[in-house]
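Novice: Here you go, one structure.
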Amino acid sequence: MGKLIYLDNAATTKTAPEVVEAMLPYFTEHFGNPSSVYSVGSSNKEVITKQRETIAKALGAKTDEIYFTAGGSESDNWALKATAEAYESKGKHIITTKIEHHAILHTGEYLEKRGYEVTYLDVDENGIVSPEAVEAAIRPDTILISVMFANNEIGTIEPIKEIGEIAHKHGILFHTDAVQAFGQVPINVDEMNIDMLSSSGHKLNGPKGIGFLYIRKGVKIRSFVHGGAQERKRRAGTENVPGIVGFGKAVELAVASMDDRIRKETELRDYAIARIEKEIPYCRLNGDRTRRLPNNINFSFRFVEGESLLIMLDMKGICASSGSACTSGSLDPSHVLLAIGLPHEIAHGSLRMTLSAETTKEEIDYTIDNLKEIVAHLRSMSPLYEDFMKKQK
Ligand SMILES: *Cc1c(COP(=O)(O)O)cnc(C)c1O
């Protein structure tokens, strides 16, 4: 094929050409500081407001409930740390789940070291958080519930509306990390009872290093960065104007193409899942089959090492991701795959492929043809597989 087949859109996406084009003038002629009095600066204030409007509209939120940040990790940190501080007189208990992104999990650990108590809820074998379990974990001193909208590894979409309803019934704030979901699936913060929501530009064909935290009016939350009066005094620092413009454009494009993209990606996803299940033995689909992001495919292949799989796919020009964190210097399998109950050795043989709107059936066919050969090849070198096959006879 010669061309790169990029199936790692949950890690990051290609910045859309329209986004790059929209950003460029804000590096050159419109370079001014939005806080300045003269017009090359102050006109950028209106530009930022316009992007805020675009984003707020996509969520059913109000314009002044959107606060720009430097990405999903910052938004998650802000939501947890600053509400924890603001509500500590009410209590110091937070509820989250075992399958959150590290931006939530490690912030939870940070807070635990500072006297907060964090409950990490289990999920079922498909990665779904049960609203009943959320309710059962609520205590008089619970101040915040944070459950991700959709999981970045296995694509499972959580019952956000129901969990939000429970949070509100008990007068508790509800935050969701929607970094994987915003722009991919419809979200409405009012209908879904969401008080805070994290998002990041580079997961939806926008630029890296820009994100936002939606904060419902009336939520008490401490400022995250102290300094100037930017972001209504809650997050100081000269605005990332090109980033904000690019993010706004990306959201505009995502909203306009959402229905089409969901239809196309879902069809391709289900085609790929069906082919893999039919043609590669001893595999397991990870994540819920239907309550699932339209672009997520995640499989475990028994008797195969995920890292070897990735390297061999890379040699065929295919970019995917594995279920272990070896690349980040640890040999532990993914906490998400362990949380859905996979044994270590099966979690290690996992592969995540995440599609984009541009992914074609030809690319998927090429990928699965190669995957089939690579899995068979790796198994042919596995003594465990050999033993297993002998016992089958
Ligand atoms: C990527 C991701 C983040 C982190 O976002 P950054 O903008 O890269 O900091 C947080 N949560 C989830 C679910 C993600 O997929």
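Positions of Cβ are set from backbone N, Cα and C atoms, glycine also.
Owing to the predicted nature of the structure, the values given are computational and were not obtained by experimental measurement.
Just lifted these from TrEMBL, have a look:
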- 5-366: domain 'Aminotransferase class V' (DOMAIN)
- G72, S73, N152, Q180, S200, G201, H202, T238: pyridoxal 5'-phosphate binding site (BINDING)
- K203: N6-(pyridoxal phosphate)lysine (MOD_RES)
- C326: [2Fe-2S] cluster binding site (BINDING)
- C326: active site, cysteine persulfide intermediate (ACT_SITE)
Novice: What kind of secondary structure is G72 (pyridoxal 5'-phosphate binding site) part of, going by DSSP in three states?
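Specialist: DSSP call for G72 (pyridoxal 5'-phosphate binding site): helix.
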Novice: Can you check what DSSP calls Q180 (pyridoxal 5'-phosphate binding site), collapsed to helix, strand or coil?
Specialist: coil
Novice: Quick check on the binding-site residues: of S73, N152, S200, whose CB has the lowest count of neighbouring CB atoms inside 10 Å?
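Specialist: It is S73 that, of the binding-site residues S73, N152, S200, has the fewest other Cβ atoms within 10 Å.
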Novice: What is the number of other Cβ atoms found within 10 Å of the Cβ of Q180 (pyridoxal 5'-phosphate binding site)?
Specialist: 28
Novice: Could you work out which of the binding-site residues (G72, G201) has its C-beta surrounded by the smallest number of other C-beta atoms within 10 A?
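Specialist: Checked G72, G201; of these binding-site residues, fewest Cβ neighbours within 10 Å: G72.
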Novice: Any idea what the Cα distance is from Q180 (pyridoxal 5'-phosphate binding site) over to the residue listed as 'N6-(pyridoxal phosphate)lysine', rounded to a whole Å?
Specialist: 7
Novice: For ligand 1, list the binding-site residues among G72, S73, G201, T238 whose CB atom is within a distance below 6 Å of it, in sequence order.
Specialist: G72, S73
Novice: Same-chain residues six or more away whose CB lies under 8 A from the CB of T238 (pyridoxal 5'-phosphate binding site)?
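Specialist: Correct list: N33, P34, S35, G228, Q230.
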Novice: If you count other Cβ atoms within 10 Å of each one's Cβ, which of the recorded positions H202, K203 has the most?
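Specialist: Its Cβ has the most other Cβ atoms within 10 Å: K203.
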Novice: From the Cα of the residue listed as 'N6-(pyridoxal phosphate)lysine' across to the Cα of S73 (pyridoxal 5'-phosphate binding site), what is the distance in angstrom?
Specialist: 12
Novice: Over the domain 'Aminotransferase class V' (5-366), what is the model's mean pLDDT?
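Specialist: So the average pLDDT across the domain 'Aminotransferase class V' (5-366) works out to 96.
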